[in-house]
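This is the feature table in TrEMBL:
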- 12-35: transmembrane segment (TRANSMEM)
- 41-66: transmembrane segment (TRANSMEM)
- 87-109: transmembrane segment (TRANSMEM)
- 121-141: transmembrane segment (TRANSMEM)
- 148-169: transmembrane segment (TRANSMEM)
- 189-211: transmembrane segment (TRANSMEM)
- 223-248: transmembrane segment (TRANSMEM)
- 268-293: transmembrane segment (TRANSMEM)
- 318-336: transmembrane segment (TRANSMEM)
- 342-365: transmembrane segment (TRANSMEM)
- 385-405: transmembrane segment (TRANSMEM)
- 411-430: transmembrane segment (TRANSMEM)
Amino acid sequence: MEDERGRLSTIETISLAVGFTIGSGIITQTGIGIGMTGRSIFLAFLVSAALFLISFRPIFMMSTLLPRTSAAYTYSKKLIHEDAGRLYAYVYFLGRMTIAIFGISFAQYLASMVPVLSGEAAQRLVALGVLTLFFAVNLLGVKAAAKLQNIMCVVLIAGILVFVVFGIGKVDYTTFFKEGFFTGGFGGFYSAVSLLYFAVGGAYIITDFAPKIRNASKMMVKVITGVTLVVCALYMLMGIVASGSVPVAEAAGKPLTVAAGAVLTNKALYGFFIIGACMGALITTLNSSFVWYSNSLIRACEDGCFPKRWAKVNKAGVPYNLMIIFYLFGAVPAALGMDLTVLSKMAIGLTILGTCIPMAGILKLPAKYPELWKNSKYAKRYPRWRLNVMVVITYAVLATQVYSLFAGNPLWANVIILVYMGCVVFGLGARRILLKKRMAAEAES
């Protein structure tokens, strides 16, 4: 009974899912998405949410039947193969360049409040400064308390509602569907869909908390689905205002400050939206990311995917070596003034690529855990052929999204990813050969 009381209730799980979904993604990616598809950005949110719920079905099923922390890594390793777990860890690792997005975006929003900081050099210094500040704070073991995160989530929702309520009436609907709609054709639209995939799909992160959720098998998927659809509706309204309250050319690729300036003419409301909602979301996400990213790879370090010394902790219990690495992931792109659109497409593309790996685990689960599968609600509903179809659909969705994000990137960005992935595959292959030789030598002796 005590153990059950210590688990997350339905309300707490919903709050957690909302917190993971409503965050910096909507703040950083909306303007970039408008640059890809124009005013059809609101439809991109809808399609992205639908594809997320369809393609993540295997993870949802595995997490209800086999709840584990570090779910994706564990399913890759335990259900597919040890090397699949390693591959996931390596792809996940490079994808954490997302941390740079928060620093660069923060600098852009701060410049809207303090114009003197809008210069290129100032933008780089601000981005580096905010990254360094939260790196130092987290090294001391000072984490953003759950209450603070919840407060900031409420402030962000309030800011979005202010933006939507005051802006929805300022959209010119007579020209909305005629000018600036599907500006990038189908390719641009699908790139926007892919870019927004985790902006609407952040609720999946609660699968990592499945062992701590009360009655997870019955209500976790319902929570993810409900939160995703409700937040998607809010984001669609936000997309309509962001793209329809100003000319598309002015909103494309720009922070939400452009649309907010046209919508929120009251300085107090404008300041509340920019400081409380936009910058607040970026700060809390950046702060929690240092801890989240670092702790999520401790198990992989202990398993030998990375040097074990990377997982060493200081007196405050912080894995400082991992944190230094992720600080560099953010600092280098910020110092180089890397284009936010390219950086976002690289990071999100890698994150989607990583999620491809554990999905096939659902095909192995019935054989590895026959009694668990036989007694589950999925056994009759998902015969083998239906599992196969589900996984094929999942990979089709994820593969096309990865392609749409990488296809429009400059050559150098894709070369970095290809070289990295080539080294990973070569390293995994070489490791297997060495292990076989070692086993053969031991057998002979």
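Yeah, the Cβs are placed from backbone N, Cα and C, and that goes for glycine too.
Bear in mind that TrEMBL entries carry predicted annotations, made automatically and left uncurated.
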So what's near the transmembrane segment (318-336) in sequence-distant terms, Cβ-Cβ under 8 Å and 6+ beyond its ends?
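Distant Cβ neighbours of the transmembrane segment (318-336) are 96-97, 99-100, 102-104, 107, 124, 127-128, 131-132, 135, 138-141, 289-291, 293-295, 297-298, 301, 309-312, 343.
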Considering only Cβ pairs under 8 Å, which range in 87-109, 121-141, 148-169, 385-405, 411-430 makes the most contacts with the transmembrane segment (12-35)?
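Checked against 87-109, 121-141, 148-169, 385-405, 411-430; highest Cβ contact count belongs to 148-169.
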Need a quick answer: max count of Cβ pairs under 8 Å to the transmembrane segment (41-66), which of 87-109, 121-141, 148-169, 189-211, 342-365 is it?
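Comparing 87-109, 121-141, 148-169, 189-211, 342-365: 189-211 has the most Cβ pairs near the transmembrane segment (41-66).
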If contact means at least 3 Cβ pairs within less than 8 Å, sequence distance 6 or more, would you call the transmembrane segment (268-293) and the transmembrane segment (121-141) in contact?
yes
Assess whether the transmembrane segment (385-405) lies in contact with the transmembrane segment (189-211), where contact requires at least three Cβ pairs under 8 Å among residues 6 or more apart in sequence.
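By the criterion, they touch.
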Quick one: do the transmembrane segment (148-169) and the transmembrane segment (223-248) have at least 3 Cβ pairs under 8 Å, skipping pairs fewer than 6 apart in sequence?
yes
What else in the chain is close to the transmembrane segment (189-211), if you only count residues 6 or more beyond its ends and a Cβ gap under 8 Å?
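For the transmembrane segment (189-211), the sequence-distant neighbours (Cβ-Cβ under 8 Å, at least 6 residues beyond its ends) are 8, 13, 16-18, 20-23, 25-26, 29, 32-33, 36-37, 40-41, 43-45, 47-49, 51-52, 56, 59-60, 63-64, 67-71, 182, 220, 223-224, 227-228, 231-232, 235, 344-345, 348-349, 351-352, 400-402, 404-405, 407-408.
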